[in-house]
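Copied over from TrEMBL:
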type	residues	note
BINDING	G161, E162, S163, G164, A165, G166, K167, T168	ATP binding site
DOMAIN	8-62	domain 'Myosin N-terminal SH3-like'
DOMAIN	67-269	domain 'Myosin motor'
Amino acid sequence: MAVAELYTQYNRVWIPDPEEVWKSAEIAKDYRVGDKILRLLLEDGTELDYSVDPESLPPLRNPDILVGENDLTALSYLHEPAVLHNLRIRFAESKLIYTYSGIILVAMNPYKQLPIYGDAIIHAYSGQNMGDMDPHIFAVAEEAYKQMARNNRNQSIIVSGESGAGKTVSARYAMRYFATVSKSGSNTHVEDKVLASNPITEAVGNAKTTRNDNSSRFGKYTEISFDERNQIIGANMRTYLLEKSRVVFQAVLKNLIIQEWEVILSLKV
């Protein structure tokens, strides 16, 4: 079926909006190839003649049955407005901050503490396959831990996002998961030392931005070592400056706070 054949009456599309970014509209009249106008009916009842050409038809909206899917790859139409709408529905209406996009976990920062990171939740995800339970940072951590234990190969978790997105907190929760599932009741308490080191790494080179009062200006590479029983035996943390421009000049509406700390971190096994 040609794409143009999908633009029939009663199907819905997304059109750009200066306030809401994307706005939903219903097709009021079948579109035919060569038409310059797509007759739309907005949600407030207003009719709109939307200028189009065959190369720039507005993106189609997914059926309501797919709205709120926990994996974006399950959507019939995967484009910017579909992604944003699905994330908004899950976050604003279902109070869910995590959504999968295949093997990628998308996290919405709620800017408040949520009761979804306790030991009971950790044990619920332990041993589960990714996708068997609701999307969660613990599911990603479990998959990495399981692959490491099963295949005896190093694993990596990349946490990325803009300033204030919650990268540092997400990494902390992943470390908490590893520390909890790998405990054996020994007296070394290496896991506790690894978790206790987080405030130290956050104290070096942070700055206030318009979105985050304590935004990390450094990238962090944390290497966690496990023994043959898959228990934590140590960690190595490295920081590297990614945003040197904020050391050179102060951007508008942003306070640059540079603090130099001398910290000696010792993990004794």
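Every residue gets a Cβ built from N, Cα and C, even glycine.
Values in this document were obtained by computation on a predicted structure and should not be read as measured data.
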Legend entry - For the domain 'Myosin N-terminal SH3-like' (8-62), the number of residues DSSP places in helix, strand and coil: 0 helix, 25 strand, 30 coil
Legend entry - Site of maximum Cβ density within 10 Å, from binding-site residues G161, G164, G166: G166
Inset, instruction - Measure from the Cβ of A165 (ATP binding site) and count the other Cβ atoms within 10 Å, all protein chains considered. - result: 17
Inset, instruction - Would you count the other CB atoms within 10 A of the CB of T168 (ATP binding site), including those on all shown protein chains? - result: 17
Inset, instruction - Could you check the binding-site residues E162, K167 and say which one's CB has the fewest neighbouring CB atoms inside 10 Å? - result: E162
